[in-house]
Amino acid sequence: MLRKQINNILQNQQIARTEYDESPQNVQIQQLDSFDSQNSGRLEYDSERYQQVDNVVDQGNQNNNKKKQTKKSSLLQNMEKMEQKRQERREKMNQMKQQKLEKEQMNKESNRNVDIDFEMLIEQERLNFSLQHVPISNNRLSVIVRKRPLFSKEEEEGELDSISCSNPIIRVHEPKYKVDGITKYVENQDFQFDNAFSEKESTEDVYKYSLQPLIKCIFEHGVVTCFAYGQTGSGKTFTMRGLQQHYINDIFSIIQKNHQFQLIMSYFEIYGGKCFDLLNERNQLNILEDKNNNVQIQNLIEKPVRDQLEMIEIIEQAAIIRTTHATEANEESSRSHAICQIVVKDTNGSTRGKLIMVDLAGSERAQDCQSNSKQRRVEGANINQSLLALKECIRAMDSGAQHVPFRGSKLTLVLRDSFLSKQSNSHIIMFACISPGSSSSDHTVNTLRYADRLKESNGIKQDVIKIIEEQSKAKKKKQNYQSSQQQMASAPQAAAQKKKEKEKEENDSNKKNQNAPPVKNLKGENKNKEERQYDHTQYLMNNAKNKENMQSVDNIPSIGYQDKPSQQEKKLNAQQAKSSQIQKIPPIQQSVQQIEQASTQNSTQQVVSSTSVSSSASALAQLHREKRDERPQTQQKRQSSIGKKNANQTDTSNQNLNNLLQQKILNTDASLATNHNHDHLSGVDQNKALSLKQLKQISQSNPVTTQNNQGQQIRINSAHPSNNNNSQNNNTRDDNNNSFNQLPKKGHNNQQQKKTQQNMDNISTINNKNNRDSSANHNSRHNSSSNNNNNQINNNNFNQNLNDKSLNDHILQKNKEVQENIEKAQQHQIEQKTKDLILQQIKEKQEDMFSSHMSAIKEDANLLSLESGLLTDCQKDGFMDCDIDSYVKKFESIVSKKLLMYNLLQQKMDTLKKMRNEYNNKYSLNQINNNHHEKNQQQQQAKQIEDPNKKRQSFLLKKKIEN
Ligand SMILES: Nc1ncnc2c1ncn2[C@@H]1O[C@H](COP(=O)(O)OP(=O)(O)OP(=O)(O)O)[C@@H](O)[C@H]1O
């Protein structure tokens, strides 16, 4: 039984095993097993792949983690950076506090009661660089600013030096409070002048760059006038007296060399609208105009002066007598305009020139003399009126206006010659003197504005300011960087090590991360940046200085600051470029140098030949010098008014020069022809031929209009580039032609042939100008040389010349049309400019009105406070009890009058507002129309300018084809 049971169990197991073996799962397992055994290698490979994949996945995970880490670290880095910045700020604050404490202590020790916050703010804004001074010699008007030093007394009173003087820029740092009344800030205002002298520069420096170069003019029929302008106590008298010492020496050094001159001196003052003689115990003088409109001062003492001592004595004597009064601002304030006049006379008594030194009265306004008496206020009003008139006259003179309003005040009346002198060597120098004290920064700004308005400003100013600002900023940065470097070096080692470790860690983490960018040395980069910026500004400064130096060589001041042309100048240049087809300003300087060189060379070789050439060279050089002297004037005019910008002056002088050139060419040619040896030229003639060649080269660079035989105006020797090339390539041929072309004139007396020859020359040059090909040109020249033998060809050529003459006429006509168009455009610009000027004048008058209104209001406020003080006194003492009725009545009448005034003002205001609204409405409509109209006009003008050129080209083409 047991066996049976065991067998059954075994059978069941067998069945279960077979069932399992045959089951699909087992089959799969077996298949897999067999596959495993068959592909064991392959599986190993796959497992490696799997491993790799796993690794990649792991790496990806790691990277993700790293990314998370880097994300985290960048956040941390930012936080660290912020922390660093905070620390830096704290350090800075601490430093500032320390500096402040140190300064406070220093100020206490030196008795300076200045506001340290303002002082530090101003220090941050200071300009620390200045350009070289430029001596003035060609400017009709020069404006120079001089800053006086801050006195210790002023510092004790809490005054700050609020002026930065960086030639040619003056920056006024005006200390101010914000609206909250607590926050301090500094308002900067920049001004640019011809020269700016700081407190460190002596009067000798001022003289060297201002009056000294002009002293010679007073011996050459010039009138040199110097004004000292500024608020009371700003150093006007100091500057004038300082200059006197220097010019006296220079004048007498000239007179000692040249005994024919005689000096006559007069000294008078204008006080309260009246003239007083300072050399005759303040005798009152009458200012009269004679029948020739010359201003004469009746009974004025004119003392002849023999030596320096005598002159100094006279000046001292006059200074003592001059009217001075103590004011709030200056204990010995000069209240008059003092005029010292030195007239240079010939031995025959005729006037050679004048030097006028005007020490103006203090420019402070009436409101500054509140506490002074009525007389002082009247004085102030008179002074203001005459200073306003002076400004108007100088502006009119500088802008080249036809009318100079010199009758506006007594001061300007006696200085009539200074404004109206037509001599090119007459000059005006305005010395604007300024006080550095912060409390007078209002007046300083007023003075600088006055000086700035005298001369038309140019748009170049910003460049100089930018350069100086950049330079000072770069310097500051460099200094900061250096100080931070020093701090870094002196910081404790542990901190440095920590920083190093941190940097290392950062570097390592960055190195681990293959995709991460290489670590930058930020400090190194900063340093480079700063240094680069510093170098850049240094470069700009050097450039500016180089330009300036170049100008000082040419004696043309203040061009260095005119790197960029203004908008108007650009327009004008574009127009001139357009008109250059007709009138081109030649490079005369170069040409003259060439001729001068040639003349010197010739003089060493052949004295005889050199005389004619050198005389032409010297004549040309003279012309060039005249032209160079004219340049600053035209430049000034360019700055002042566009209307004066047209190139008429230069063109006429160009024409003169070119006419002279042509004459010289003809003369030299003629003399060559007479001395000519057909086989070879003699030494003299070789030189002449050489100089003739040079003259012709110059004339080729100068487009000239000249007369041909028929009296027609024709243009010869074009400056067209193609023509230049041609002439360069065929220099020798031209040279020969030039000399040989003249020969038949002498050899053959045939007038017809002469004319034809000349016509041929002229026409061939026109051909060149009109870009005819060189072969045709060559042929024509060839034909011209064979003319001597062949009359038929000659006649043909003559006919051709007649055709070309008509062509020439046509070109001239077209040129005229183009020129007329350009003139129209220039006229338009002049009109625009005069409009601008009028507008500016209106604006200034408005400003003056506004300021006088403001002063009236201030006075009212003062009166009010006086009244209230009086009332309280009345209340206290009660002494006016009996008179109170009349007092109230008077007060009532005053109030009613004032109310009436204010009502009138209100009415004015209403009408003004109405006008404004109407104007705005009109303007918006007009503007739309005008824009449209202007566009149309411009298009038409462009067409008009283009069309003649096109027509001319097509006409030439036609002619070419016909020929
Ligand atoms: N550049 C300077 N260097 C040293 N001191 C100066 C300088 N400029 C002016 N001062 C001094 O300042 C004071 C006032 O100068 P000054 O009398 O010339 O002023 P001012 O402008 O003529 O005044 P006012 O219009 O009231 O006559 C004088 O004591 C003078 O010595």
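Glycine residues also receive a Cβ, built from the backbone N, Cα and C atoms like all the rest.
If you check TrEMBL, you get these features:
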COMPBIAS  80-109  compositional bias 'Basic and acidic residues'
DOMAIN    140-457  domain 'Kinesin motor'
BINDING   GLY230, GLN231, THR232, GLY233, SER234, GLY235, LYS236, THR237  ATP binding site
COMPBIAS  480-496  compositional bias 'Low complexity'
COMPBIAS  498-511  compositional bias 'Basic and acidic residues'
COMPBIAS  522-531  compositional bias 'Basic and acidic residues'
COMPBIAS  579-619  compositional bias 'Low complexity'
COMPBIAS  623-632  compositional bias 'Basic and acidic residues'
COMPBIAS  633-647  compositional bias 'Polar residues'
COMPBIAS  702-716  compositional bias 'Polar residues'
COMPBIAS  717-741  compositional bias 'Low complexity'
COMPBIAS  749-762  compositional bias 'Low complexity'
COMPBIAS  773-804  compositional bias 'Low complexity'
COILED    808-835  coiled coil
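Location within the structure of each feature annotated in TrEMBL.
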{"residue": "GLY230", "record": "ATP binding site", "Cβ within 10 Å": "28"}
{"residue": "GLN231", "record": "ATP binding site", "Cβ within 10 Å": "24"}
{"residue": "THR232", "record": "ATP binding site", "Cβ within 10 Å": "23"}
{"residue": "GLY233", "record": "ATP binding site", "Cβ within 10 Å": "25"}
{"residue": "SER234", "record": "ATP binding site", "Cβ within 10 Å": "29"}
{"residue": "GLY235", "record": "ATP binding site", "Cβ within 10 Å": "21"}
{"residue": "LYS236", "record": "ATP binding site", "Cβ within 10 Å": "27"}
{"residue": "THR237", "record": "ATP binding site", "Cβ within 10 Å": "21"}
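DSSP assignment over the compositional bias 'Basic and acidic residues' (80-109) gives 30 helix, 0 strand, 0 coil. Mean pLDDT across the coiled coil (808-835) comes to 86 in this model. When secondary structure is read from DSSP and collapsed to three states, LYS236 (ATP binding site) falls in the helix class.
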